[in-house]
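*Asks:* Got a structure here, written out as structure tokens. Questions coming.
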Amino acid sequence: MRGSSKNELVPSKPPRMNGWSWPPQVFQVVGWLVYGYLAVVSFGIYIPLLPLPWNHVLYSLTGIAFIVHFFSHVAAVTIDPADASVRAKQSYSTPMPLFDRTKQSHVIQDLHCYLCDVKVGPKVKHCGVCNKCVEDFDHHCKWLNTCVGSRNYWCFFVALSSATLGVFLLVVVILFIFIQHYLDPNSLRTAPQFDNTLGNGTWLVFLPLAPIKTSSAGLLILAFVTVMLSISCLLLLCHLLGFHFYLFYKGISTYDYVKMQRQKEARNRDIEAGKATDAKTHDKAPQNQESPIDCEPALSQSSSTCKMDNKGPLSSRLSESICTELENFRKSSEKENSFHYGTENPIQNTEREMSMSDIKNWKPDTDEETQSPSVKSVDRVPGVQDPLGSSVMTPDDS
């Protein structure tokens, strides 16, 4: 935290007491409108068309679901989820500093909230939207326009469950009426008010209190629109309800789940960054490695060659240095073993030539009788070197 006290923050709007605090959320208004529409369509149009005794059964089940949802929804919105220490201050009308994530890294430190200026429990979180500390914070619900904590969580869960049940029953009723309208429309016209209508193309809605005539096409179009809306709501409600059952199984809250997901994503990003760094290092490593040296001196009468793989400046200089030393060593050896005009023993010269041609198969023999005639002749005749230095001459050759 950059500041040591809340005095360094600029005061702003007062905290929200509950979901009725102004201004309302868009999702909150949409939720109430959808609830009212589905209630009117259910109890005013489609459930009265069901034959006995199914209409009474659906009146009871759907009515209970909608009534329970209404009261639990109102209770979840009305209850203040703030921590007890915050509610004890009774200062909701006093402006408080607005939580700014760009300036404050931690609002609560050492179980003390620097915005609410109160001591809080270990499971308390300061909600930036409501601008207050919430006891056992679960999440901030835009449909309720308030936070969900330990004080109103069960009201929220009951409202969610009852809404799922009520919408499911409505979808079943509309699909039944849609199918029966083509298979057996008379089974849907059991109400006494249908006795005064002529033809099967005329239908009555808002039975039995205020019957209004409508056409078959209007009834089916309204049924299609309602079932599409109901299925969309049912998918969202089932997803949210299943998620909270999963949280029950894990024994965690929505906020804990979000924190774990963020930590997991951060670890994955660190792993990917480490792999990218290793890949770059691996790509640069072959360029800095020393190249292998392949020196192949060819011992010949005139010159020698030194071959190398040049893959880098360091390796090139090292290879040239090694090959130069080998070349100098070869030249010095040649100077020491070069021909001496008229002073070298011809037998030693012959042995050196044999070692150069086939040193592996040559074996020295001390017996003079096994020596070749050429060698014996050379021993008897004083050797004279050819001026060209290529062979040994005898007096007969000259």
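A Cβ is built for glycine as well, from the same backbone N, Cα and C atoms used for every other residue.
From TrEMBL, for reference:
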{"type": "COMPBIAS", "residues": "268-285", "note": "compositional bias 'Basic and acidic residues'"}
{"type": "COMPBIAS", "residues": "350-365", "note": "compositional bias 'Basic and acidic residues'"}
{"type": "DOMAIN", "residues": "109-259", "note": "domain 'Palmitoyltransferase DHHC'"}
{"type": "REGION", "residues": "268-317", "note": "region 'Disordered'"}
{"type": "REGION", "residues": "334-398", "note": "region 'Disordered'"}
{"type": "TRANSMEM", "residues": "26-47", "note": "transmembrane segment"}
{"type": "TRANSMEM", "residues": "59-79", "note": "transmembrane segment"}
{"type": "TRANSMEM", "residues": "153-179", "note": "transmembrane segment"}
{"type": "TRANSMEM", "residues": "217-249", "note": "transmembrane segment"}
*Asks:* Could you give me the DSSP helix, strand and coil counts for the compositional bias 'Basic and acidic residues' (268-285)?
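*Replies:* Helix/strand/coil tally for the compositional bias 'Basic and acidic residues' (268-285): 18 helix, 0 strand, 0 coil.
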*Asks:* Below 8 angstroms Cβ to Cβ, which residues of this chain, lying six or more residues outside the compositional bias 'Basic and acidic residues' (268-285), approach it?
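*Replies:* None.
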*Asks:* Apart from its near flanks, which chain residues at least 6 from the ends of the transmembrane segment (26-47) lie with a Cβ under 8 angstroms of it?
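*Replies:* Residues 19, 55, 58-59, 62-63, 66, 69-70, 73, 142-145, 163, 166-167, 170, 173-174, 177, 205-206, 219, 222-223, 226, 229-230, 233 contact the transmembrane segment (26-47) from elsewhere in the chain.
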